[in-house]
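As written in TrEMBL, here are the features:
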type: COMPBIAS; residues: 1-13; note: compositional bias 'Low complexity'
type: COMPBIAS; residues: 14-32; note: compositional bias 'Basic and acidic residues'
type: COMPBIAS; residues: 58-70; note: compositional bias 'Pro residues'
type: TRANSMEM; residues: 149-171; note: transmembrane segment
type: TRANSMEM; residues: 183-207; note: transmembrane segment
type: TRANSMEM; residues: 227-252; note: transmembrane segment
type: TRANSMEM; residues: 272-291; note: transmembrane segment
type: TRANSMEM; residues: 311-332; note: transmembrane segment
type: TRANSMEM; residues: 344-367; note: transmembrane segment
type: TRANSMEM; residues: 387-413; note: transmembrane segment
type: TRANSMEM; residues: 434-458; note: transmembrane segment
type: TRANSMEM; residues: 464-487; note: transmembrane segment
type: TRANSMEM; residues: 499-521; note: transmembrane segment
type: TRANSMEM; residues: 527-546; note: transmembrane segment
Amino acid sequence: MRPPVGAVPAARAARIDSRTDRRTGGRSDRRAAQGAGTRWDSDMTGHMQQPSGRGNPGPAPLSSPGPGPGPGAGASERVALKKEIGLVSACTIIIAWTGQETDKEQMDLDQEVADEGGAVMGCITEGGNIIGSGIFISPKGVLEHSGSVGLALFVWVLGGGVTALGSLCYAELGVAIPKSGGDYAYVTEIFGGLAGFLLLWSAVLIMYPTSLAVISMTFSNYVLQPVFPNCIPPAAASRALSMACLMLLTWVNSSSVRWATHIQDVFTGGKLLALSLIIGVGFVQIFQGHFEELRPSNAFDFWMTPSVGHLALAFLQGSFAFSGWNFLNYVTEELVDPRKNLPRAIFISIPLVTFVYAFTNIAYFTAMSPQELLASNAVAVTFGEKLLGYFSWIMPVSVALSTFGGINGYLFTSSRLCFSGAREGHLPSLLAMIHVRHCTPIPALLVCCGATAVIMLVGDTYTLINYVSFINYLCYGVTVLGLLVLRWRRPALPRPIKVNLLVPIAYLVFWAFLLVFSFISEPMVCGVGVIIILTGVPIFFLGVFWRSKPKCVHRLTESMTRWGQELCFVVYPQGSPEEENGPCQPSPLPTTDKPLKTQ
């Protein structure tokens with residue numbers, strides 16, 4: 001049966017819109033969408049051409065997409081977001097999503113499920129996701145490249161300091177360019193459409209799939225480690241379990257948005273349980289005098305002399321646990337008094353996260369020698385076996401629950417990023433479609449699942465962490481560099497928050513050190529990432545910028561889009577506001593849209 005080519009009811013489509021517009025700076029007002037066969041043919045000026053073909057209607061103006069009666073009602077709601085996020089909630093947001101990469105739309109969904117509490121309650125609800133799964137993965141990699149316990153702890157503390165510098169730079173950008181959308185909005189505004197597309201391209205092909213692969217492999221390691229207590233679990237078994245978990249959660253996210261949010265709520269409690277138990281037992285160990293590895297004479301007893309390249313790789317491993325610190329910039333428009341609350345939230349939350357990470361590692365060293373930690377395939381499991389006795393099963397169960405919820409969150413967010421990019425015309429239009437009944441972006445979910453499965457087959461966990469952390473820092477640095485470019489180009493731009501010039505310079509110096517020496521130490525891993533990013537340049541000009549494509553290309557993309565619609569039973573999210581339960585109807589392309597810069 002051929003699916004309808006029209007759209008889903010407006011109220012359900014509005015929920016998708018509200019969760020995705022933030023990734024693209026609120027510029028995704030293209031809620032009127034093409035009929036089947038629409039090609040990936042948007043230029044960076046916001047115009048889209050109608051697909052050529054027989055019987056193709058001419059362009060029509062975009063009607064007001066309001067969810068209620070009255071012209072432009074929805075537009076006004078989308079422009080004037082409520083400022084409900086205060087200081088406490090801002091701190092909660094940063095803490096909740098540090099180490100989670102960017103599970104931002106998950107918070108939006110919880111706000112929708114419990115909208116009676118408003119944005120504040122939505123943020124507090126997501127506080128259950130405190131910290132991230134990275135703290136269960138990175139300690140071994142940091143210690144391996146540091147060469148001593150003391151230097152490893154220094155890397156964790158300095159990593160928190162560098163994160164604070166980057167957060168302050170993002171705070172200035174957040175109030176100077178008051179658009180939700182974070183990195184994507186800033187890079188596109190400052191450097192133009194190509195740079196914004198490359199950031200999106202790297203996120204879709206590298207950042208999210210690689211992070212998802214790392215979390216999936218960590219899940220399988222913690223599940224299988226008790227089954228293979230005296231050896232490393234077989235690689236085939238680990239990858240098979242990772243794939244099974246990935247496909248299961250892809251099916252869940254494809255079937256129901258509400259199921260996905262319930263899984264997130266239930267399973268993220270494991271993270272809090274595991275970290276609380278580790279830190280609490282660590283303090284007991286210290287009070288009992290079991291801190292031999294932390295004494296100055298032992299802490300800096302190097303079993304190897306780390307080179308500068310080793311230190312750079314140690315910071316890359318640690319930075320994976322700090323990823324996601326920039327989420328508050330994705331909701332800048334909803335922050336109450338961002339001039340005061342944005343820097344305050346940074347000064348409260350980043351030190352708190354750093355404290356938790358440092359003391360988690362200190363707790364590890366009260367129970368294990370460096371050699372034991374390096375030999376462990378699941379550090380938290382080994383910690384539990386040494387100190388918890390009969391209750392050691394709590395650690396693998398807690399971390400497995402935590403990582404299972406992390407996989408679900410990454411799948412949810414990465415699929416919405418593909419969805420948003422397609423709505424902007426930066427990705428194939430099929431990825432902007434949702435299922436006619438479930439209102440889930442099935443094509444985007446399948447792309448994310450497939451990309452993750454491929455990456456899972458080509459590298460081990462710690463190589464993949466170096467890979468994704470290098471690309472993450474590359475994008476962070478380009479964004480911070482944009483702060484200096486913006487000061488030079490537009491010195492009169494109002495800046496309610498203006499950091500000292502030494503802050504972005506210090507961050508960029510560290511950024512350059514990290515990228516250069518990481519590239520020297522791991523040229524193959526880092527080089528592949530750079531090459532993949534650069535492949536986005538011809539893709540941008542051929543798929544996005546080039547508007548006068550031959551008719552044969554139009555027909556090919558139309559047929560491929562139609563085939564994808566029939567396979568996934570998906571349509572564009574557009575419906576009649578007056579007839580919420582009415583049948584799906586085709587909707588014409590808009591003739592104009594909010595322009596994006598092209599440079």
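Each residue, glycine too, has its Cβ placed from N, Cα and C.
What TrEMBL says about a protein is an automatic prediction, not a curated fact.
Tertiary proximity for the transmembrane segment (149-171) is limited to same-chain residues at least six positions away from its ends with a CB under 8 Å from its CB atoms, namely 94, 139, 142-143, 182, 293-294, 296, 298-302, 306, 311, 314-315, 318-319, 321-322, 325-326, 328-329, 338, 342-343, 346-347, 350-351, 353-354, 357-358, 361-362, 365, 370, 476, 479-480, 483, 497, 499, 503-504, 506-507, 510. When Cβ-Cβ distances under 8 Å to the transmembrane segment (464-487) are tallied for each of 183-207, 272-291, 387-413, 434-458, 527-546, the top count falls to 183-207.
Here the transmembrane segment (183-207) sits apart from the transmembrane segment (344-367); fewer than 3 CB pairs are under 8 Å, leaving out pairs fewer than 6 apart in sequence. Within the chain, the transmembrane segment (227-252) has long-range Cβ neighbours (under 8 A, six or more residues past its boundaries) at 212-213, 216-217, 219-221, 259-260, 263, 377, 385, 404, 407-408, 411, 445-446, 448-449, 452-453, 456-457.
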